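Per TrEMBL, these features apply:
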COMPBIAS  1-11  compositional bias 'Basic and acidic residues'
REGION    1-42  region 'Disordered'
COMPBIAS  27-40  compositional bias 'Basic and acidic residues'
DOMAIN    45-447  domain 'Amino acid transporter transmembrane'
TRANSMEM  75-97  transmembrane segment
TRANSMEM  136-158  transmembrane segment
TRANSMEM  170-191  transmembrane segment
TRANSMEM  203-221  transmembrane segment
TRANSMEM  241-259  transmembrane segment
TRANSMEM  280-299  transmembrane segment
TRANSMEM  319-343  transmembrane segment
TRANSMEM  363-383  transmembrane segment
TRANSMEM  389-409  transmembrane segment
TRANSMEM  430-452  transmembrane segment
Amino acid sequence: MSKSQDSHNSETVHLQPVGEAAQPGSKECESDYDPHEHRQLSNPTNNWETLVHLLKCSLGTGILAMPQAFARAGLVTGVLATIIVGALVTHCLHVLVRSQYAACRRLRVPLLTYPQSMSAALEAGPPPLRRFAGSLATTVDIFLVVYQLGICCVYIVFIADNIKKMVDPYYSMAVEFHMLIILGPLIAFNLIPSLKLLAPFSALANVLTFVGLGIVVYYLLTNKKSSAPLDLWGSLSTFPLFFGTILFALTAVGVVIALENNMATPKAFGRPCGVLNSGMLVIVLLYVAVGALGYVFCVSECSDSVTLDLPQGPLATSVIAMFAVAIFISYGLHCYVPVEVVWRGYLLPRLQRSGAPPARLRLAEYGLRVGLCLLTFVLAVAVPRLGLFISLFGALCLSALGICFPALMEMCVSFPDKFGPGRMRLVKDVALFIVGVVGLVAGTYTALVGIVRSFMPAEAPPLHA
């Protein structure tokens, strides 16, 4: 199952109140209702399947950008910061799942999406925040759409960059022409209306990703691109870019609720040795390994994707082709999420209220699919900087979705008397919220400055008499 498949599942959950014995929000309601026992799933996943899905969600273009991220942070800083950010992200995902569970108990419903959970949490929080419940739920939707469209932009740049690397020895073209060439196939693939029809392609993408990643690690262990000295500690000025890349790579916030919602044994998801901790441990170790090995391999010459640093040869070309095909398939899956959010949450209800016939509805949906695809294409052509794109969307969207919003939700569902001894939970959540805001502002600013500078001409060399 792909990241976007899971995100789609999470966006199409319908609230079905269960039971009439107690009023929603009452203490009696919270004490006698367990959402896990009321979930009716047609095809639930077991623990192993959920773990595999979680791993796949976090092994995309982000892991291929880790060597460049380490080049920005330094080897030692990169290793330590990846572990720390990994622990932070894992904790925030636990907070998100727990807060959703608390909101489900309060409303006596088995399932809630991320926006619904945010709305329910704020409605249970301090009175000054309750009036923002609806607007913040919409904000979550906006961040999810922007993040998923950002992934699609990253994917277009990634595919074009890698095709260019394969084709350049025979015929050199600007990367924008490669983007234009793949636009038609991307639009056609994005018009497939059913996730069921996309499932076989997703399975192929999984195989190609894991095989390609194995070959990349082999190259990193047996070759060396640069003999320049390693930077152990990096620079504070480029650390926000590293932070954004790490968040983009590690945070599968759009799917965690969906994965937990679709489990046959959801209580196993958040246990100390459960699915989430086990999966994130493997993911963090893989990211540390690829980042460190890739940085040692290329040092200061790291490209936006480690596939672009591989030497010319049949095996390296096959790896590039594998990832290009896998990411092409993933584009259609990831674009499915913003289509579903915008279509089912906003456009479809309005068209139905206006009495639009089925033919017009179908035409409008296809128009939305084509329009979103063209939007990501225009953005990718305008800013064809893969690494900066990753840092920008990681810092902008995932600082909010992965850190700020879960902390805010936990503060609200713990209100007024569940903050623990010394109100330590409140202190912790406020600290997390501040970290998220600082990461969002610093990471977004640094990435935007980098994007602007990438369009400025190089400084002319100084004149000598």
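A Cβ is built for glycine as well, from the same backbone N, Cα and C atoms used for every other residue.
Keep in mind that what you see is a predicted model, and the values were worked out from it rather than measured.
Listed stretches 136-158, 170-191, 241-259, 319-343, 389-409 were compared with the transmembrane segment (363-383); the greatest number of C-beta pairs under 8 angstroms is found for 170-191.
Comparison of 136-158, 280-299, 319-343, 389-409, 430-452 by number of C-beta pairs under 8 angstroms to the transmembrane segment (203-221) places 319-343 first. Within the chain, the transmembrane segment (389-409) has long-range Cβ neighbours (under 8 A, six or more residues past its boundaries) at 61-62, 65, 88-89, 92-93, 95-96, 99-100, 103, 114, 117-118, 121-122, 136, 140, 143-144, 146-147, 150-151, 153-154, 157, 240-249, 251, 253-254, 304, 380, 383, 429-430, 432-433, 435-437, 439-440, 442-444, 446-448, 450-451.
Across 280-299, 319-343, 430-452, the stretch most heavily in contact with the transmembrane segment (170-191), judged by Cβ pairs under 8 Å, is 319-343.
A contact between the transmembrane segment (280-299) and the transmembrane segment (241-259) is present, since 3 or more of their C-beta pairs, 6 or more residues apart, lie under 8 Å. Only pairs six or more apart in sequence are counted, and the transmembrane segment (430-452) with the transmembrane segment (136-158) gives fewer than three Cβ pairs under 8 Å, not enough to call it a contact.
Outside the transmembrane segment (136-158), and at least 6 residues removed from its termini, the chain residues within Cβ reach (under 8 Å) are 4, 7, 60-61, 64, 114-116, 118-119, 122, 175, 179, 182, 186, 254, 304-305, 323-324, 327-328, 330-331, 334-335, 337-338, 341-342, 345, 372-373, 375-377, 379-380, 383-386, 389-390, 392-393, 396-398, 400-401, 405.
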